[in-house]
Amino acid sequence: MYFFTYTEWGALLWLAPAWGIVLAYGMRYGFTNPMLVLLGSSWYFLWLIIERYVKNRKSEYINVNLVRKGSTSRRNMLAVVLIILSLIVFGMYRTAVTIDAYETVNPYYVGAKGIYTIRVTSLPEMAMVNRHTYWRIVGDIVEIVPDKEGVNSKHLSAEGEVVVYVIPSTVVAQTDILPGSYVAIKGTITKVNFAPEEGRIDLRARYLTNHRMGTLYEGELQGLVTEPETEWYTHIVNQVMKSLGYWRYMSSHILKQQLPGELGDMSQSLLLGGGYNALDSSIMEAFAKTGLIHILSVSGSHVALLFGFIFVLASWLGMNKKRATYGAILFVIVYCLLVGCNPPVIRSALMGIIMGLGIIKGRLYQSRQALHLSAAILLWFEPLLLLDVSFQLSFGATYGILFFSRPIYQRLPKGWPYIMGPLSLCVSAQILIFPLQLYYFHLMGVGSLIAAILVGPILDFAILGTAILLLLHLIVDIPLLWYILASILKGALFLNFTIANIPGSVGYWGALSVGAGALYILGCRYLYHCMLKADVRQLWYENIIGLGLLCLLLIPFSSLLHTAVYIHIIPLSQGAAFLVLKEAPFTARTMWLHVATEGKPLSVISQSAIINAVHYYGVTKPQLITLESVTTENRQSLSDLVMSLHWTWQNLYKSNINEGTFIGSRTRDFEAIFEEQQNTFIARGPQGAFIFSNGQNSKNHLKLKEMTSYISGTTNGAVAATHSEYTVGAPKALVYWPNGNTRSQADVDPADENRYITGTKVIPDFLL
């Protein structure tokens, strides 16, 4: 155990299980780029082995008493390797147990119409679905009364979490639906849809952990029902949830009452989290562009801010350090229960509690050890949290602050602490998560640095002010203070919106490849070594490493050496979409977007998925767009998509070959790539082609002449099952959009690694 330091053991205590989690999950559902980069970071273990071995040998040579005898022996090294392997196996085991627990739940009720008894687990929120307003309720199914002949009165037990969109009702007030209560809702549950794709936030891991089984749309609220017979501890938990839900509702009500319009919703999101649907889309977009979107959801910064405030306040009131620490710990626990225990909140709470216990016990607090221990505890109990974007960003940003904030601050100009302090925190927090930000959000710019200096401190002050005014409201109401808080929030919103819309302050940028991501992490580790481990810091050397890391982020090295044409598949719940991308040395990436709607409206989720895929490659406006099966019914939804991609219908013309098809003005880049036939679209590349067809064509239409290698894509299950009948030769791969048709999906899912079904695993990009 003396081979590594406590801090190094702490890092391995969660890193080794994390490698096991990625292996187990990836073997089930496929590996994404961030997962492969994390597996590639296993070099860190070899780095520690070599570094520790050299240091321990030197210590033994200087003074044998500094290191326990035999700590560098081969036996000890073998023991360390076995411990790490055991932790990896433990991570794989915990992941398999979590996945198997989800798969053992029998969602027999999916597709069945009936009256569902649901135990509410969070406060209802207003939500917009296809331009209609609903109450969004999350809860666990307790039982169902099927709406079928012969079993109308039979109560069947059920389990699993569902999300319900209820039509606003006059039978029960929204405020009466508290967490821990039970409601009866009539409707039909649809199966939860997974849409794994590179660059998209994959919610599968979160659904597996929560046992999410489906969604109920347009539910009819029948009313509240009495609590069924449950275990005594479940009854206690329900009562606690109701109390916390009531106080959360009252807090939100006071904020909306005291602050006008969207400022009330804004203050609720800042202090309590949630309520994002009530905020205007322009506000959300501005916060996303400036990198301050995390402030609108309760994160670790909220807990740290309130923990420090309570600790300082208690000390100012004359309490000794132990009592102040006990008070801060109690307040943090209550706050976490009130706002919900998401990964960033738990991480910060655990670090605060560990720090508090260290103060109480009179022991030295090591922030990195506390962070390691927090990560290990979370992953041991909920292994799939590792794949949650909030977990990744929270821990990545915190590690960046701990590793780089002080050395960066030391290199910044002196005499400007109120500017250089936030700047060093912002830069250090983003160093390690830059690849994740590009992967999930595809945004980069100096706007985040400006916002961190100007807007961040104002919003932190607003969070503290909101919490203080809420507590004061229990005693006395001071309108002047609420007016001041409203002015502060208005100023912060205006400043943030202005920064987000400064030309060039932020822009879409393509995500890193796996190799570039792995090299970036290795470069960050070497930069940390130069800043904190080297005997003498050399500014010019650190600047060169930092410049190299910046080049990795900004330069698309994959396209510097050759020209390539490839296909990216976009999973949709209805219809189909794909991207054709062309890369050439020292030229901007060009893109053709094809959307097949099958004559049905494009949902908001599908629109977001298409826009996200375009931005994932750093493209703001595709050079070519083709829209298939455009009708009067779906034209409005397509108009929203066209406008978001900076196109207009005036730039699209009707096809002379396919009815209801609109094509954008083709550029020179796609003249040799794009081809349209009857009910068929073909993308040609130097090595092959991609054919998208619904199957209503003859063999002659699909003849590729000189093309001997191609990929087939379709939304028609019958065509996908017998695709070879429609082609000259068998394609090297088949892509099928099932659109919820599970029956045809089963027919197209043989043990063939060259057949890809959207919604099951991440489909790789195909080189043409």
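Cβ coordinates are placed from backbone N, Cα and C, and glycine is handled just like the others.
Note that the structure is a prediction, hence the values are computed from the model and not measured.
Marked as domain 'ComEC/Rec2-related protein' by TrEMBL: 274-527.
Residues annotated as transmembrane segment in TrEMBL: 12-29 (among others).
Residues or ranges marked as transmembrane segment by TrEMBL: 35-54 (among others).
If you look up TrEMBL, you'll see 75-93 (among others) marked as transmembrane segment.
Residues annotated as transmembrane segment in TrEMBL: 292-317 (among others). Long-range contacts of the transmembrane segment (292-317) within the same chain: residues 269-274, 276, 279, 284, 323-325, 327-328, 331-332, 335-336, 339-340, 342, 344-345, 347-349, 351-352, 390, 393-394, 398, 448, 451-452, 455-456, 459-460, 463-464, 467, 496, each at least 6 residues beyond the stretch ends and with a Cβ under 8 Å from a Cβ of the stretch.
The feature transmembrane segment is assigned by TrEMBL to 329-360 (among others). Remote same-chain residues near the transmembrane segment (329-360) are listed as 122, 240, 244, 247-248, 251, 272-274, 294, 297-304, 306-307, 310, 321-322, 367, 370-371, 373-375, 377-378, 385, 388, 390-391, 393-395, 398 (criterion: CB distance under 8 Å, separation of at least six residues from the stretch ends).
Here TrEMBL flags 380-404 (among others) as transmembrane segment.
Marked as transmembrane segment by TrEMBL: 416-440 (among others).
What TrEMBL records for 446-473 (among others) is transmembrane segment.
Marked as transmembrane segment by TrEMBL: 480-500 (among others).
The transmembrane segment annotation in TrEMBL covers 506-528 (among others). Within its own chain, the transmembrane segment (506-528) is flanked in space by residues 33-34, 36-37, 40-41, 43-44, 47, 198-199, 289-290, 403-404, 431-432, 434-435, 438-439, 442-448, 500, 542, 545-546, 548-549, 552-554, 556-558, 589, 615-620, which lie at least six positions past its ends and keep a Cβ under 8 Å from the stretch.
Annotation comment: TrEMBL describes 540-557 (among others) as transmembrane segment.
For the domain 'ComEC/Rec2-related protein' (274-527), the mean pLDDT of the prediction comes to 82.
Sequence-distant neighbours of the transmembrane segment (35-54) (same chain, 6+ residues past either end, Cβ-Cβ under 8 Å): 3-4, 8, 11-12, 15-16, 18-19, 22-23, 25-26, 72, 77, 80, 84, 387, 435, 514, 517-518, 521-522, 525. Residues 17-18, 21-22, 25, 34-35, 91, 94-95, 98, 201-202, 205-206, 208-209, 294, 297, 299-300, 342-344, 347-348, 367-368, 371, 425, 427-433, 436-437, 440, 527-528, 531-532 of the same chain lie 6+ residues outside the transmembrane segment (380-404) yet bring a C-beta within less than 8 angstroms of a C-beta in it.
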